[in-house]
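Q: Have a look at the structure that comes next, please.
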Amino acid sequence: MAIVKRKKPLPKWLIPLLSLISGILTSLLILYVVSHGSINPLDVLIAIGNSITQPNLLLKNYAMLLVIGCGLLISFKAAIWNIGGEGQFYFAVIGAAWFALYSGLAEIPIINKFLMIALGLTTALIWILIAALIRGYIGLDEVPVTLLMNYIAYNIVDYLVNNHWREQVYRYTRTPTIPVETWFTNIPFTNATLELLLITLVTILLTWIILNYTYIGLFIRTMGSNPNVLKTIGVDVSKTIIYVLIISGLLIGLAGVSYLAGDTHLISSPVIAHTPYYGYTGILVAWLSLLELKYLFVTTYIVSALINAGINIQIVGVGGASIVNLMIGSILLTYTILFVFHEYSVKIIIKK
């Protein structure tokens with residue numbers, strides 16, 4: 001058996017499509033076996049189908065994942081693997097929560113939301129800057145660093161919520177609800193907010209401009225294909241890595257602020273039991289898009305439909321929302337395996 005490079009690579013669109021189909025089918029098979037036949041795969045597929053036809057209920061997840069997907073797409077396109085979206089997401093939540101609860105400026109009209117976003121981005125910047133400096137100047141691989149920093153961020157949030165920020169009335173393990181003045185504005189008949197949609201549009205526009213009309217965008221594309229070219233023309237690769245991770249972390253931070261101000265309005269502990277895992281799900285969204293902004297809109301919609309399917313699955317009593325986590329994990333795993341076959345094929349060689 002040998003793995004050989006294909007003379008002509010498979011069509012780019014084929015790998016994500018096969019990953020989605022095989023990932024969903026694999027997870028359905030696992031569910032059927034583990035549940036001893038009590039979970040009907042057809043019911044799960046119907047729930048997924050119903051979710052796809054409910055764009056108004058997908059809007060929040062769609063916008064949130066689109067923002068995070070843009071941030072991860074930028075870093076992945078440069079072959080900088082920012083796996084720390086969860087940590088950057090929650091550090092933005094920390095900054096936004098502090099502003100809303102303890103700054104004394106939360107009730108100032110008009111500028112309060114801008115200040116909350118600014119502080120959330122500042123704390124996200126501080127967090128991603130740690131990983132960026134380690135990767136840029138020490139050369140330590142960013143994958144284990146950013147992944148480890150996710151769990152450090154979880155524990156920092158849990159410490160704050162269980163101690164200094166704990167609500168004092170019933171002593172529940174959560175923060176007080178942030179002031180209504182800092183809440184984002186709900187859009188009627190949807191689960192999204194006006195500010196989140198504006199943030200999403202700005203993020204898409206910025207991503208498009210950065211990738212296509214700036215020097216850093218040129219450096220990003222070059223790093224993803226041949227980083228030695230940058231060294232040859234005298235570009236400081238370490239600084240480029242830092243800039244890429246900063247941009248990625250800031251965009252993810254926008255989603256973190258939106259999550260607090262437009263969805264939960266408080267932080268609950270333990271975080272790992274309450275997080276929607278947007279930072280990790282965004283990895284799937286970015287990968288399935290083949291790191292192309294134009295495909296990101298489609299892959300985000302499909303993944304958002306899978307997340308919403310978890311709600312439908314619970315409503316019809318087929319199973320828990322964890323079914324969706326299994327599907328997303330299966331899709332990502334099959335994508336990783338099938339991606340190899342985009343440029344390579346397996347041939348069985350029989351020696352005579």
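These residue numbers are counts, starting from 1, taken along the chain as shown.
Note: Cβ is positioned from N, Cα and C throughout, glycine not excepted.
Automatic, uncurated: that is what TrEMBL annotation is.
Straight out of TrEMBL:
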{"type": "TRANSMEM", "residues": "13-34", "note": "transmembrane segment"}
{"type": "TRANSMEM", "residues": "62-83", "note": "transmembrane segment"}
{"type": "TRANSMEM", "residues": "89-108", "note": "transmembrane segment"}
{"type": "TRANSMEM", "residues": "115-138", "note": "transmembrane segment"}
{"type": "TRANSMEM", "residues": "196-220", "note": "transmembrane segment"}
{"type": "TRANSMEM", "residues": "241-261", "note": "transmembrane segment"}
{"type": "TRANSMEM", "residues": "267-288", "note": "transmembrane segment"}
{"type": "TRANSMEM", "residues": "295-317", "note": "transmembrane segment"}
{"type": "TRANSMEM", "residues": "323-342", "note": "transmembrane segment"}
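For the listed features, I'd like the structural context: burial, neighbours, distances.
A: Here the transmembrane segment (89-108) has Cβ contacts under 8 Å with residues 68, 115-117, 119-124, 126-127, 153-154, 156-157, 160, 165, 175-176, 178-179, 181-182, 252-257, 259-261, 267, 271, 275, 278-279 of the same chain, all six or more residues outside its ends.
Nonlocal intrachain contacts for the transmembrane segment (196-220), taken as residues 6+ away from its ends with a CB within less than 8 angstroms of a stretch CB, comprise 59-60, 63-64, 66-67, 70-71, 73-74, 77-78, 184, 187, 230, 235, 240, 243-244, 247, 251, 254-255, 258, 262, 293.
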Q: Sort out for me which stretch, of 13-34, 241-261, 295-317, has the most Cβ pairs below 8 angstroms to the transmembrane segment (267-288).
A: 295-317
Q: Mind checking which residues reach the transmembrane segment (295-317)? Cβ under 8 Å, same chain, six or more beyond either end.
A: 16, 20, 43-44, 47-48, 50-52, 54, 57-58, 61-62, 65-66, 69-70, 73, 276, 281, 284-286, 288-289, 323-324, 327-328
